Amino acid sequence: MAMPLGGILLLFLVLLPLSLIGIHRATVGIDAAASVQASPRLLGVKGEDTAWVTVDFAAPHASDGDWIGVFSPSNFNASTCPGPSGSDSGPVICSAPIKYQLANYSSDYGKTGKGTLKFQLINQRQDFSFALFTGGLSNPKLIAVSNKIAFANPKAPVYPRLAQGKSWNEMTVTWTSGYDIKEAYPFVEWGMKWSPPTRTAAGTITFDRESLCGEPARTVGWRDPGFIHTAFLTDLWPNKEYYYKIGHMLPDGKIVWGKFYSFKAPPFPGQKSLQRVVIFGDMGKAERDGSNEYSNYQPGSLNTTDTLIKDLDNIDIVFHIGDITYANGYISQWDQFTQQVEPITARVPYMIASGNHERDWPNSGSFFNGTDSGGECGVLAETMYYTPTENRANYWYKTDYGMFRFCVADSEHDWREGTEQYAFIESCLATVDRKKQPWLVFIAHRVLGYSSGRYSGAVGGTIHAVVGGGGSHLSNFTAEAPPWSVYREMDYGFVKLTAFNYTSLLYEYRRSSDGEVHDSFTVHREYRDVLACVADSCPPTIPPAT
C-alpha cells in the first residue's frame, strides 16, 4: 500500500514485577510475634485521591526475603477465584497485591527485626491492608496482617481521561468511580467561561472476570474495575477553552463532585494555527514510592509523564500508541496508570492504540497468538479509554486535528490486503483533503520499516520514525553498528510534531529526563508536491550517486 507524499509513518514495538510473586503458592502461618500497623486509618479527608501511608512492622526472624504487600480489598484472604484449570479449588490466597516493597528497604530491619516503610496509595474504590510475608517472592508465607485503612469516599469519581470524539468538534470525558448507575447518575458539568454551564449525562460500563480470556487476569490478577463513565461534549467552538467537572447525583439530590478542570477545543479540520502533537509508545507505569522494583522495569515512565506535565501548556494532543500500562493481566495496575497520567489526560486529548501487551492472547481474535496481554485480550484498553472506533473490538480509527489527519491502525489485528482493516486504512489515507490537511500521519504499534540514515535534501515520499522509548525497558544495540547507523543512544524520550502552517512541520525528539531537544528536522512541502507524486511514480528520496 503506497503512502502519500509528505505523510509520516510512526510505529512502535517483557516480566511484570507483580508476576514475580508466587501468590498462588502462598501459605498462611500467622505469627503472634509478628505485627503490621498502618496509619493514618482514614485517607482523603479533604477530597484527595492520593495519600501517603506509614507502615510499621516487626518479625521475630527477619530475613532478606521478607516483604510487605498492599492488598485491596483488605479481606484478600477471604476472596475466591477459580483454579488455574477451572476447578473448584483455588489457592489459599487468591488475590495478588497491588504493589509491594521488600522489608529490608527499611535500613535497620535486618538487625532489629523492626522496620518502617512509606507507601503512596490512590483511591481505588476499596479499602486496604498491608501483609508481611517471609519466604521471598516465589514461596511467600503470610505471618501478619495490618489494620484496615480506607479513603473517606472510596467511590468518588476520579482520573478523568479526555479523548476526541468521532467528529472534530466533540470531546469525550471518561472517568472511573465506584457508583453503579443504580446508585448515582453520572454527568459532566461544562461550558465556556462567563456562560451558563451545561450538564451532559454519561454512559456507564464495566466488565466481569468472565469477560477476560485467561490467567492471571481471570485469577490472581483479577480486581473489580469499578464503573467506567463516558460523556460526549458536542458542538464545541474551535480553539475555545472550556471548563468542566465530573459528578454523580445521588438519589437524594446531593452531588458528589470530582475536581475542576479545563481543556481547549480542537481546531476545525484545515484550520491554520499552531498545532502541537506528542507521540510515543511503550511507556507503562511506575510507582513514586519505590514499590515493585519498577526502577528495573519501566525506569523512564515517570520521567516521561513528569516532563509532559511540565510542558503541558505547549501540547495540544497526545498519542500513546500501544503497550499502555504493561499491566499484563494485573487489573489493579490500570487504576495506577490512569492516576499517574491524570494531570495530562484531564487537560488534553489522550488517544491510545492497541499493542501486544493490551491485546494478544491465543484464540481470542488477535492476529498474534502470544500471551503478552496476560489474559486481558483488549478488554481493559477498550473499556478504560475511549477511542473513536466504529467497533470497540476493532481498534482502528481516524481523527482530524486541524492541519493533521491521523490514521491509527491496530497492528494486533490482520491488516493484510482484503481485510476490513486494510479497507479502513485505504479509506483513511484516500479521503483526506491534502490542501487543508497536509500533515497525514499513519500510526501503529509494531514496526513495519524504518530508515535510520540521515539525509539532507528533498524527500519525495513517506518519512518513517520509530518512537517507542516512552518508559519501558530498552533493548541493547547489536555489537556491530550497521553502516546506515549514524548515531546511537540508549535513552527514553518522545516525539513532538509542531505544525506551523500548510508548508512547514517541525519534528523533534525530546529526552524524557530533561525535555530538551536532542534531534530534529523540518519538513517543507507544498500542495503541488502532492499533485506531482502518485503511487509508484514518486521520485527517489535520495538522488542517484554522481
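Cβ coordinates are placed from backbone N, Cα and C, and glycine is handled just like the others.
Under the heading domain 'Purple acid phosphatase Fn3-like', TrEMBL lists 36-153. Counting residues per DSSP class in helix, strand and coil order gives 10 helix, 48 strand, 60 coil for the domain 'Purple acid phosphatase Fn3-like' (36-153).
Residues annotated as domain 'Purple acid phosphatase N-terminal' in TrEMBL: 160-264. In the domain 'Purple acid phosphatase N-terminal' (160-264), helix, strand and coil residues by DSSP number 3 helix, 53 strand, 49 coil.
Annotation source TrEMBL lists domain 'Calcineurin-like phosphoesterase' at 276-453.
For 461-520, the entry in TrEMBL reads domain 'Purple acid phosphatase C-terminal'.
Annotation source TrEMBL lists signal peptide at 1-26.
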Mean of the pLDDT scores, which run from 0 to 100, over the domain 'Purple acid phosphatase C-terminal' (461-520): 86
Residues of the domain 'Purple acid phosphatase C-terminal' (461-520) by DSSP state, where helix covers H, G and I: 0 helix, 23 strand, 37 coil
